[in-house]
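Q: Structure provided below as structure tokens; questions to follow.
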Amino acid sequence: MEKRTSYCGELNETHIGQSVILHGWVQKRRDLGGLIFIDLRDREGIVQVVFNPEFSKEALEIADSVRNEFVVTIKGKVHARGEKAINDKLATGKVEVLAEEITILNTSKTPPFYIEDGVNVSDELRLKYRYLDLRRPEMNNIFKMRHTVTRTFRNKLDALGFFDIETPYLTKSTPEGARDYLVPSRVYPGNFYALPQSPQILKQLLMTAGFDKYYQIVRCFRDEDLRGDRQPEFTQIDLETSFLTKEEIQAITEDMLVDVVKEAKNITIEKPFPRMTYKEAMDRFGSDKPDIRFGLELQNVSEVVKDVDFKVFQSAIENGGEVKAINAKAAATNFSRKDLDALGVFVANYGAKGLAWLKIEAGELKGPIAKFFPEDKAAELQAALQAEDGDLLLFAADKADIVAASLGALRNKLGKDLDLINEDELAFLWVTDWPLFEYDEEAGRYVSAHHPFTLPKEEDIPFLETDSSKVMAEAYDIVLNGYEIGGGSLRIYKKEVQESMFRALGFTDESAKEQFGFLMEALEYGTPPHGGIALGLDRIVMILAGRNNLRDTIAFPKTGSAVDPLTNAPGEVSAAQLAELKLETVKKETN
């Protein structure tokens with residue numbers, strides 16, 4: 001096979017007159033009465049190849065037999081296209097290759113869908129024939145971007161003196177929040193490894209080992225319910241460092257992300273990124289990962305409406321809840337009564353018992369609850385919400401967490417529905433000052449808001465076991481366009497604090513030792529103050545590429561039900577394999 005001289009997509013006017021050898025796939029073939037035109041595609045793009053009997057009758061005859069997705073080698077000369085033949089849609093549109101030779105390297109069956117951008121095909125079929133889906137230019141470009149992003153992270157961390165150190169995939173199952181993927185041990189029947197949800201404990205042990213600055217681009221595994229921005233296996237940019245403050249770790253993170261955006265998108269991001277406390281984010285946006293590209297902020301109107309004779313509002317306030325509102329500016333005419341009823345159904349998915357609303361018309365409140373507002377209260381409400389004619393006011397009244405969840409989700413929906421979001425903007429945000437614990441209603445106890453190795457604020461350590469609700473964490477999340485793209489913290493590095501943390505989470509000293517004894521012992525050997533962050537590579541690429549599903553950024557992803565249509569994983573294994581592992585499967589009962 002002759003060596004390629006150029007990629008198809010690289011050819012331009014500087015190559016005119018040059019002889020080239022190209023390898024690629026036939027994107028399209030057109031027979032125009034004696035001339036055959038082939039669009040030849042490789043990973044760098046498409047170029048038009050012309051087969052003319054005046055140049056090579058033999059090449060024309062072979063070209064007549066090729067079909068879409070045949071793999072070919074073409075030798076020819078680059079020519080300028082005529083002015084009327086220039087194709088501005090192609091990067092190579094000012095040139096074409098006049099073919100002298102063509103060799104068919106392999107044929108192709110007719111693909112199950114056209115290999116081109118914008119093709120209307122189901123996700124299931126795309127994933128079943130993922131190797132064909134990935135040939136499409138838009139998919140190819142996503143993985144070019146992913147490579148650029150990964151390379152930029154590596155280069156930056158290397159320049160900052162971080163060591164790339166691998167941690168094991170076969171490790172111990174420890175309670176970190178989501179379910180573990182378990183791997184049975186053949187050598188020790190009845191015992192299991194776990195695939196890591198993160199390298200959290202191991203990277204902390206690398207700080208105990210004195211490596212000072214560690215990073216890893218690492219695959220992680222979580223057996224959890226899936227959604228558009230989650231996959232059972234995903235990739236993190238994972239880093240840990242000793243003797244630095246959280247502000248210094250955040251500065252390193254900002255430097256990396258600024259470089260990544262510049263390399264991947266040629267956009268300059270200003271530093272430092274804006275900051276917001278967890279409390280402020282929940283109060284203003286109803287979310288711990290707010291999209292700050294648009295307004296529609298939540299406003300607390302409990303004081304304004306507490307004396308209004310509307311039982312829904314009164315009951316919520318009397319029971320320790322609150323009433324908050326969103327002012328959708330100039331949106332009153334966008335929503336019919338039917339549309340507003342649909343919004344009520346939407347917020348019910350987040351626990352809200354309903355959605356009250358008002359419209360402002362000619363300076364007056366209009367809507368089902370307008371009758372409960374006397375003139376003075378109506379004026380006070382409009383002033384509090386800066387409401388004007390044409391505005392739509394939307395209210396939720398309940399416990400604070402339900403109000404936040406329902407109005408936060410509604411805010412995001414309205415931002416899209418009202419076209420308030422600049423899709424070209426990249427809005428980074430730090431969310432800081434997190435509570436160390438959050439209350440789990442189902443479990444009836446406090447659990448870690450992040451993970452059980454997060455350092456409490458020093459002044460709150462005495463309250464770990466006595467008043468968990470007031471303990472704050474040295475934790476920080478990085479948010480981009482409403483997605484959490486990373487989370488980090490300073491870590492507990494003293495044994496007595498870690499023991500107290502485990503007790504606060506309901507571990508007995510014995511169970512803590514059984515699960516984490518190796519970590520507890522390491523903390524007795526001079527573990528330094530340390531901290532770090534983990535950034536979601538797949539999610540960062542998803543946002544930068546303008547996609548809305550992680551599947552598009554992972555070469556061979558799973559479906560929403562954790563199935564791989566390409567390989568049909570997960571699948572059954574043989575009885576012999578199970579016997580070797582001393583395992584039996586439980587058969588489902590059939591009615």
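Cβ from N, Cα, C; glycine included.
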Q: Write down the one residue from GLU166, GLU297, GLU474, GLU484 that Swiss-Prot lists together with ARG222, ASP223, GLU224, GLN231, GLY536, LEU537, ASP538, ARG539 as binding ATP.
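A: Checking GLU166, GLU297, GLU474, GLU484 against Swiss-Prot: the ATP site match is GLU484.
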Q: Looking at 32-35, 104-107, 200-203, 572-575, which one is region 'Aspartate' according to Swiss-Prot?
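A: Residues 200-203 are the ones Swiss-Prot records as region 'Aspartate'.
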Q: Which one is it: of the binding-site residues ARG222, HIS450, ARG491, whose Cα lies the shortest distance from the Cα of GLU484 (ATP binding site)?
A: HIS450
Q: Distance between ARG539 (ATP binding site) and HIS450 (L-aspartate binding site) at the Cα atoms, whole Å?
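A: HIS450 (L-aspartate binding site) has its Cα 19 Å from the Cα of ARG539 (ATP binding site).
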Q: In whole Å, note down how far the CA of ARG222 (L-aspartate binding site) lies from the CA of LEU537 (ATP binding site).
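A: ARG222 (L-aspartate binding site) has its Cα 15 Å from the Cα of LEU537 (ATP binding site).
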Q: Tell me the Cβ contacts of ARG491 (L-aspartate binding site) under 8 Å, same chain only and six or more apart in sequence, or just say none.
A: GLN204, MET207, PHE453, THR454, LEU455, HIS530, GLY531, GLY532
Q: State the Cα to Cα distance, in Å, between HIS450 (L-aspartate binding site) and GLU224 (ATP binding site), rounded to an integer.
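A: Per the Cα atoms, HIS450 (L-aspartate binding site) and GLU224 (ATP binding site) stand 16 Å apart.
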